[in-house]
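*Asks:* The following block contains the structure, expressed as structure tokens.
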């Protein structure tokens, strides 16, 4: 596993973004782990988060793209911090763009988007926190495609939970890929998280012990993507 992936897993734990225990998800599923991407709140956390996204995007998609698109609301800071990190790490200027939940009808930046305008010929990488159902893409993809003649290169999320989406067989990222025809990827998968943390002391504590591993295995037995 790449070094930045290992560091990102530890970063999620340190930031109290990835938690283990007993949680009830929006879907009603009882899960032994939970990710709250809203937990990244400090300047140093956001700086690091942008760097991890930038490294994963560069790893997966290279630098042949023009725009980072982060859907409102959580995708707005993700797009901004990743664009900054991409410039610093790779010396390439990419523009950031986000949609507005409500269209602005006045001023120089009126319209449906924040940041850069989308232009014909733009190659776009979309960026989200975590996709469990793919529902946000149903709203976002038509907006992006309708704004200009753009190509969506792919989607990057922070964590692939690797559980079945709405279709009941594939994970949400695979469903998005199949439905819209562009690549999807995550900085890390839940499988990589377990691989890195299982029975391995981290800061004097084993985060995923045998009991928790059994609960995670049971969860995936029930909800894991095939």
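Keep in mind that glycine also has a Cβ here, set from the backbone N, Cα and C atoms.
Here's the feature list from TrEMBL:
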type: BINDING; residues: 26, 73-74, 100-101, 104, 106, 128-136; note: 5-phospho-alpha-D-ribose 1-diphosphate binding site
type: BINDING; residues: 132, 161; note: orotate binding site
type: DOMAIN; residues: 47-164; note: domain 'Phosphoribosyltransferase'
*Asks:* My understanding is the cutoff is Cβ-Cβ under 8 Å with a sequence separation of 6 or more in the same chain; which residues meet that for residue 101 (5-phospho-alpha-D-ribose 1-diphosphate binding site)?
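*Replies:* Residue 101 (5-phospho-alpha-D-ribose 1-diphosphate binding site) has long-range Cβ partners 72, 73.
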*Asks:* Looking at the domain 'Phosphoribosyltransferase' (47-164) alone, can you tell me the average pLDDT?
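*Replies:* Result for the domain 'Phosphoribosyltransferase' (47-164): average pLDDT 91.
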*Asks:* What binding-site residues among 26, 74, 131, 135 are found with a C-alpha within 10 angstroms of that of residue 161 (orotate binding site)?
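*Replies:* Near residue 161 (orotate binding site) by Cα: 131.
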*Asks:* Which has the fewest other CB atoms in a 10 Å radius around its CB: 74, 135, 161, the listed binding-site residues?
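*Replies:* Each of the binding-site residues 74, 135, 161 was scored; lowest Cβ tally within 10 Å is 135.
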*Asks:* What is the number of residues in the domain 'Phosphoribosyltransferase' (47-164) that are helix, strand and coil, as DSSP sees it?
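*Replies:* Summed by class, the stretch gives 44 helix, 36 strand, 38 coil.
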*Asks:* According to DSSP, folded down to helix, strand and coil, what is residue 26 (5-phospho-alpha-D-ribose 1-diphosphate binding site)?
*Replies:* coil
*Asks:* Count the other Cβ atoms sitting within 10 Å of the Cβ of residue 131 (5-phospho-alpha-D-ribose 1-diphosphate binding site), across every protein chain shown.
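*Replies:* Its Cβ shell of radius 10 Å holds 23 other Cβ atoms.
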